[in-house]
């Protein structure tokens, strides 16, 4: 009886103990994780950082939750945040990793907190949580928290800081960023983490203490090709005058001002970062270095033209006075009107001089004289009126330029007939009242008229040059006159 009562009470005690609430705290983690006493949760171990030469054969080490991967250095890693089907809380732990596969470690029956991570050998290329392509590796992150409830769902659990119990009695992460329980500043961005959160600065800012300060990108060259302008949270590039930003907003390229907005009045030449203007012949750049001004060549020199310089836009021209024409662009040459057009009558002859022409009678003979040949008049011996007159008068004409240099030989007189036993003498009979001329005998039968004073025209001089012929025995005496008309032109050319 007593034995039966004891067994009954023991059974009730055991049944009652099954419904007693317990508080279970886990401080052990699965392989690949370690306990964080501050955050009160398991955190991943970075094997790539602590394991010397974790990967061999030129492979690179890639840390992963609960383990690491050895992948080719050229591999591209793509993180896939897709949530796979979560394991049941009572899953049994598998054995260690094998070469060529990835071994997943799950919760053990002893109550050790699983990490959901994995480890891979140097030749690992596939596994339950890794998908690979030819050179791409897609890693599936296990979103399950590194804590799970015991296999008995009737037990209460105590979650670490940053976690809360879900309706399924699972410790799930608290998203402080969406719940508004974070303490990030208004100029910061809240980033949720497993069991916690972090505050990050906006792009272009960096943390200094608890504050976000602007990053001066311009102090870290070479962001910009030429000029860098820092702005709050960013920067932009500027180019020097004559350059413009390229499509990459970094490089400065030269602006061809001659093609874009040609400001030159005449000729434009592009140079690196600028341009220069040039003018056509006959023009010069004005003070603004853009426009062209005409050069007044006539003011720069008085020797450009023989007579008169006329300035024109971009050039100049030379003019000559009436009776002259321009030759070789600058000099003046007399027009021989007697060979072209003149107004002389039929009984007149045309005589051209420098700058004009004159008409003289074809028969210039005076009274008592008879025209015997062209321009030669003879007074007959039979005429008693001729005894006191020169036997003959020859008419000659010449033209000289104004302001001719002196002394200068200008005309030679010579006897046309030579008599035996005679002596010839020469003199200026008339037309030299001011002493402009001098007659120098050069031989017994010739003399030279010399200009000794400069003459200015236009002017006409008529000079009678007389030759006296005397017989050496005194039986013969005669004279003849050369009437020379000298026309002085109006100019020195």
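Cβ atoms here come from the backbone N, Cα and C positions, even for glycine.
Note that this is a predicted model, so its numbers are computed, not measured.
Listed in Swiss-Prot for this protein:
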type	residues	note
DISULFID	177-190	disulfide bond
DISULFID	201-212	disulfide bond
DISULFID	218-228	disulfide bond
DISULFID	224-237	disulfide bond
DISULFID	239-252	disulfide bond
DISULFID	258-268	disulfide bond
DISULFID	264-277	disulfide bond
DISULFID	279-292	disulfide bond
DISULFID	305-318	disulfide bond
DISULFID	320-332	disulfide bond
DISULFID	338-350	disulfide bond
DISULFID	344-359	disulfide bond
DOMAIN	26-71	domain 'EGF-like 1'
DOMAIN	173-213	domain 'EGF-like 2'
DOMAIN	214-253	domain 'EGF-like 3'
DOMAIN	254-293	domain 'EGF-like 4'
DOMAIN	294-333	domain 'EGF-like 5'
DOMAIN	334-378	domain 'EGF-like 6'
CARBOHYD	249	N-linked glycosylation site
REGION	259-493	region 'Mediates interaction with TIMP3'
SIGNAL	1-17	signal peptide
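Mapped onto this structure are the features recorded in Swiss-Prot.
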| residue | record | DSSP (3 states) |
| --- | --- | --- |
| 201 | disulfide bond | strand |
| 218 | disulfide bond | helix |
| 239 | disulfide bond | coil |
| 264 | disulfide bond | coil |
| 277 | disulfide bond | strand |
| 305 | disulfide bond | coil |
| 318 | disulfide bond | strand |
| 332 | disulfide bond | strand |
| 338 | disulfide bond | coil |
Compute the C-alpha separation of residue 279 (disulfide bond) from residue 268 (disulfide bond), stating it in Å without decimals.
9
Would you mind sorting out which of 201, 224, 264, 332, 344, 359 (the disulfide-bonded residues) have a C-alpha within 10 A of the one on residue 350 (disulfide bond)?
344, 359
Checking the contact step here: among the disulfide-bonded residues 212, 268, 338, 344, which have a Cα within 10 Å of the Cα of residue 224 (disulfide bond)?
none
What DSSP reports for the domain 'EGF-like 2' (173-213) is 4 helix, 20 strand, 17 coil
Just to be sure I understand: of 237, 239, 264, 359, which disulfide-bonded residues have a C-alpha no more than 10 angstroms from the C-alpha of residue 228 (disulfide bond)?
237, 239
If you count the other CB atoms within 10 A of the CB of residue 350 (disulfide bond), including all protein chains displayed, you should get 17
Residue pair residue 305 (disulfide bond), residue 268 (disulfide bond) - Cα distance, angstrom, rounded
33
Spatial neighbours of the domain 'EGF-like 2' (173-213) not adjacent in sequence (6+ beyond its ends, CB under 8 Å) are 39, 41, 145-146, 160-164, 232-235
The correct DSSP tally for the domain 'EGF-like 1' (26-71) reads 4 helix, 20 strand, 22 coil
Using Cβ-Cβ distances, find the residues under 8 Å from residue 359 (disulfide bond) that belong to the same chain and are at least 6 apart in sequence, listing them in sequence order.
342, 343, 344, 345, 348, 349, 350, 351
Sparsest Cβ environment (other Cβ within 10 Å) among disulfide-bonded residues 320, 344 belongs to 344
Give me the non-local Cβ neighbours of residue 268 (disulfide bond): same chain, 6+ apart in sequence, Cβ-Cβ under 8 Å, ordered along the sequence.
257, 258, 262, 275, 276, 277, 278
Restricting the comparison to the recorded positions 190, 218, 249, 332, which residue's C-alpha is spatially nearest the C-alpha of residue 292 (disulfide bond)?
332
